[in-house]
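Q: Shown below is the structure under consideration.
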Amino acid sequence: MIIVVKAAARHKTNEERARKAFDGMPDPDLRSWTALITTYAKRGLPRESVRLYDELRKKRIKPDKFVLLSAAKACAAAVDLAKARDVHKDAVEYGFGSDLVLGNALIDMYGKCGSHEEARRVFGELVERDVISWTSLVAAYVNSGLPSDAFRVLRDMGSKE
């Protein structure tokens, strides 16, 4: 059934068809949830994507890294800090708290939601950091109107290399 959701989602005007295919499934698997959440996020419908992630949570379906990444991107695009915190909580609860790729997405998400403090906290908790971690934190400070903090991070990044 995931093939039907993905096929319907591939075409720009077919979000509704993808949702109908999804709703027609007796028990959608996690890949189907991820496909639809990602489709909504990519098609400029982040609030719909966030709503669908909420449905997944209410059904107590354990998210994987991929659905969490899509949900983080959707929260960032929707600028929904409350839901962003839910995604972060789930990432930690389900064992993805130290994942670099997801950590970078969380830093970006918090930055776009206007919470440089939470972006900084996630950055500080990362066991490993890469250039995306650093630039996401810089962007979080810039987005919050804190250019001096952004420059400080850039200086710190240079000294860590």
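The chain as shown is numbered from 1 upward.
Here the Cβ of each residue, glycine as well, is placed from N, Cα and C on the backbone.
In TrEMBL, annotation is done automatically, which means it is predicted and not curated.
Take a look at what TrEMBL says about it:
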REPEAT    29-63  repeat 'PPR'
REPEAT    99-133  repeat 'PPR'
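So where do these features actually land, and what's packed around them?
A: Remote same-chain residues near the repeat 'PPR' (99-133) are listed as 65, 68-69, 72-73, 75-77, 79-81, 84-85, 87-88, 91, 139-141, 143-144, 146, 149 (criterion: CB distance under 8 Å, separation of at least six residues from the stretch ends).
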Q: What mean pLDDT does the predicted model reach across the repeat 'PPR' (29-63)?
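A: Over the repeat 'PPR' (29-63), the predicted model scores a mean pLDDT of 94.
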